[in-house]
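Everything below concerns the one structure shown next.
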Ligand code: XMP
């Protein structure tokens with residue numbers, strides 16, 4: 001396989017925070033490499049990226065708003081095929097001599113598309129009656145000279161237009177959303193029939209390419225990696241190890257705030273199955289001392305974060321000749337920290353890696369092989385590299401770990417109690433999620449739990465066990481449905497599963513006499529309790 005990200009590149013100009021992400025993902029779903037750039041990239045900068053095709057995203061603004069995102073119209077003269085959606089469609093019209101009008105009634109949601117002229121873009125889709133997804137107020141009311149209107153809906157006279165000769169195409173609707181019935185066909189028409197691209201962005205190809213890139217860069221030098229057991233650092237470790245073998249050393253800092261079984265699982269997978277050089281730093285006591293008496297959540301976070309890098313660099317300095325530090329930065333980390341222009345202007349954005357507190361006089365060059373991958377692609381890579389499902393599909397777990405799930409002071413007794421309760425929660429809800437996965441074929445289906453754990457609040461309550469009254473601890477069950485942690489709803493877990501969790505926690509965890517379920521969405525609550 002000769003996949004190369006540089007050979008074929010579909011560049012998405014993003015006209016509104018995050019709109020481009022979905023488009024890039026759809027393109028990648030069709031096995032073509034795609035990346036996102038801010039809409040104000042100049043034609044020269046864009047040309048330097050050698051795009052095979054350009055897509056203009058939608059965006060939340062009106063093209064008439066004072067601070068409306070703009071674009072360099074010379075991009076249309078690069079000779080590269082361009083496809084615009086919604087705001088991008090309106091941009092194409094205004095930049096090339098067409099016109100956009102304010103309309104009284106916006107059009108939001110499903111609409112029925114009718115073809116009114118031959119169209120390369122809409123080929124292989126029904127002439128009449130296909131559902132498309134609309135979300136706009138303004139609309140193009142005059143297309144640029146030389147363009148043909150190819151489709152309309154009841155409320156939108158110009159729902160798609162194109163100029164096949166110049167290979168410029170636009171739709172008012174959103175082909176990238178699943179509700180647009182033939183969205184995939186439309187995108188495929190553009191990528192494969194119009195632009196003549198090849199679907200070569202496959203996991204095997206990607207691994208091969210990344211491995212040779214890493215090998216070439218690292219040569220005979222050594223690489224170090226801070227392994228947390230989370231998806232991103234685990235996949236980075238597996239990938240870098242595939243490339244340079246034992247030149248990679250993973251450092252696993254065990255701060256003691258990890259869930260039951262986690263350190264063992266990291267050992268088993270990386271040391272035993274992958275046979276990687278792994279330094280397991282037992283910093284549990286060191287952390288326990290630092291956290292003693294600390295109740296403020298932000299202080300807990302600060303201590304854990306600061307100490308983590310201290311411990312890590314102490315270990316790093318013990319290894320000779322390390323030149324590189326590999327990190328599991330992924331594409332959303334970069335996009336969300338403000339888009340970084342690839343190849344264009346110097347980055348004005350601080351991505352989180354700039355925050356690594358290198359000690360005085362210490363420096364490693366960074367290797368971030370996942371920095372162009374979305375989370376689901378990172379998971380697919382992990383699977384292709386042989387990581388177990390339990391690691392690849394692991395739920396998110398915060399860096400400060402259980403420290404922010406023990407409200408108030410962290411003591412050994414409370415940590416032990418929380419770990420035991422959390423294990424029960426995970427066993428039951430892992431099994432519940434697995435049943436849903438078997439039924440639906442989806443990992444994150446409608447009712448599955450996206451993140452789930454136990455919290456130990458700083459309260460006691462009265463209970464009765466056997467003949468005795470107790471004054472015991474309460475465990476809070478937190479389980480949410482979400483896709484990105486930005487918003488979340490409490491999971492609608494069946495009563496029998498809830499009942500089993502409750503009776504197991506009270507029965508199996510000494511000192512606990514009550515279990516409550518947190519039924520607050522985010523917002524107003526956060527997912528974590530601290
Ligand atoms: P909240 O509680 O803000 O959490 O709704 C959103 C997501 O972020 C995780 N989280 C953290 N992750 N360090 C992390 O690495 C932290 O300090 C931290 N606080 C919250 C949380 O688990 C959820 O997935």
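One-based numbering along the chain as shown.
Even glycines carry a Cβ here, placed using N, Cα and C.
TrEMBL labels come from automatic prediction, so no person has curated them.
In three-state terms derived from DSSP, residue 86 (active site, nucleophile) belongs to neither a helical nor a strand segment and is classed as coil. Positions annotated as active site, nucleophile by TrEMBL: 86.
Here TrEMBL flags 174 (among others) as active site. In the three-state DSSP classification, residue 174 (active site) falls within coil.
Take the CB of residue 176 (active site) and look out to 10 A: across all protein chains shown you find 27 other CB atoms. According to TrEMBL, the active site annotation covers 176 (among others).
DSSP gives residue 233 (ATP binding site) a helix state. Annotation source TrEMBL lists ATP binding site at 228, 229, 230, 231, 232, 233, 234.
The annotation domain 'GMPS ATP-PPase' is assigned in TrEMBL to 201-394.
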Among 86, 231 [recorded positions], residue with fewest other Cβ within 10 Å: 231
Reported mean pLDDT - the domain 'GMPS ATP-PPase' (201-394): 90
Nearest recorded site to residue 233 (ATP binding site) by CA-CA distance, among active-site residues 86, 174, 176: 176
Nonlocal residues around residue 232 (ATP binding site), in sequence order (Cβ under 8 Å, 6 or more apart): 328, 329, 330, 370, 378
For residue 174 (active site), the one of 86, 229, 230, 231, 234 that lies nearest, given that the recorded positions are compared by Cα: 86
Sparsest-packed of the listed binding-site residues (229, 230) - C-beta count within 10 angstroms: 230
228, 233, 234 as binding-site residues, winner by CB count within 10 A: 234
Around the Cβ of residue 174 (active site), the count of other Cβ atoms that are within 10 Å: 23
